[in-house]
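Asker: This is the structure, below, for whatever I ask next.
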Amino acid sequence: MLFWHTQPEHYNQHNSGSYLRDVLALPIFKQEEPQLSPENGARLPPLQYVLCAATSPAVKLHEETLTYLNQGQSYEIRLLENRKLGDFQDLNTKYVKSIIRVVFHDRRLQYTEYQQLEGWRWSRPGDRILDIDIPLSVGILDPRASPTQLNAVEFLWDPSKRASAFIQVHCISTEFTPRKHGGEKGVPFRVQIDTFKQNESGDYSEHLHSASCQIKVFKPKGADRKQKTDREKMEKRTAQEKEKYQPSYETTILTECSPWPDVPYQANNTPSPSYNGSPNSFGLREGNSSPNHPVEPLPLGSDHLLPSASIQDAQQWLHRNRFSQFCWLFASFSGADLLKMSRDDLVQVCGPADGIRLFNAIKGRNVRPKMTIYVCQELEQNQLPLPQKQDDSGDNSLCVYHAIFLEELTTLELTEKIASLYSIPPQHIHRVYRQGPAGIHVVVSNEMVQNFQDESCFILSTLKAESNDGYHIILKCGL
């Protein structure tokens, strides 16, 4: 049976499983004790989260605790308020919103989080990384899980009342190891909780508190076996060696941390409990790793990134070129900083596909067209000329060629490119012919366009169409 105090207070772990009201001088908390002790007048964190799962005994002193979880098993997270309501002056709303995430602990995997989660999505269609067990949870309102953000859930709760959320983690740590030959050590995850209160507009976007802990997830019953193995190893150590390790505690206290980078500070529209909002609305960012900043629609463009670009200019350039998911990674990078990054650097940070694409975009590398041809207009007395396309010098005596870049290699594309070059409607060009042997006119088909030699030169000759409202274009071989 779970024991709950009538008044939420600051709880701490004890290796017997009970909760003490005073801060214990545990080795892992020695560095934090002065700032958490209420006697010295320091600020207590407004909230505290306790994961009801035992910590590993094989963790050295002054290292972060590690907790083993079983895949798919429901674990309770107790949501506690540290201060009495009379002292809770910075909480001006009855409800707060918490977002629980399962994220990578390793920095290397954080850089490629989007690619890692997308790969997991494709290998496990229809599954989620994190779920909330609603029937077991107590005191939470409006629980939601985005269909596109598989590793996060959110809900509302009242800090003055008993509240606990039961979570289930469905991915295991070895699913993200680079080599899978058996016996690999799984990568550690983090359970992070970010809590927000309402702002003046009623949105839950004002950050209140964040905390996290380190976990590893095993196949069903694997966490129990691992915990037993660690305990047996510690029992074999000498008393002197045991002093270098933390004792195992039956619960895990999440330690304060910075908010997750993609926290929706301004762009959150989750309704309050009294608001009848859309059931499909969801306050989380629709992507998996990038921040959701309020950005105005930006025009599409292939502009080059300049070394003189400021940090803000670099962020806007990333948005314009479809790299929004990496804006949080490059939040402090100027244009010069990005230009100094090598291809290998960007691949390591963004993953192979996006890293190469970002490198090409930064270096201004354009996609080479499938075919390039050069055209020049021929003027004769008995022809209806197209509007003149003059060169920069304005000298009409020169036969100036213009490049036409073809991608689809079709007659329609060729017609549209010629019409665009001479600023006439495409429907005014009725037919396109190529002058063949003995001056015959051959209809230009898709197959003929596909067999043009790259960088061929043509002189455009025009004939008046029979309907008197357009032209026929004749392609003559140029020099």
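Note: Cβ is positioned from N, Cα and C throughout, glycine not excepted.
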Asker: For the annotation region 'Mediate transcriptional repression' in Swiss-Prot, which listed range does it cover: 1-52, 105-156, 157-208?
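Answerer: So the range that Swiss-Prot calls region 'Mediate transcriptional repression' is 1-52.
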Asker: On average, what pLDDT score does this prediction assign to the region 'Mediate transcriptional repression' (1-52)?
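Answerer: Here the predicted model's pLDDT, averaged over the region 'Mediate transcriptional repression' (1-52), is 48.
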Asker: Just give the helix, strand and coil counts over the compositional bias 'Basic and acidic residues' (221-245), going by DSSP.
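Answerer: Secondary-structure composition of the compositional bias 'Basic and acidic residues' (221-245): 18 helix, 1 strand, 6 coil.
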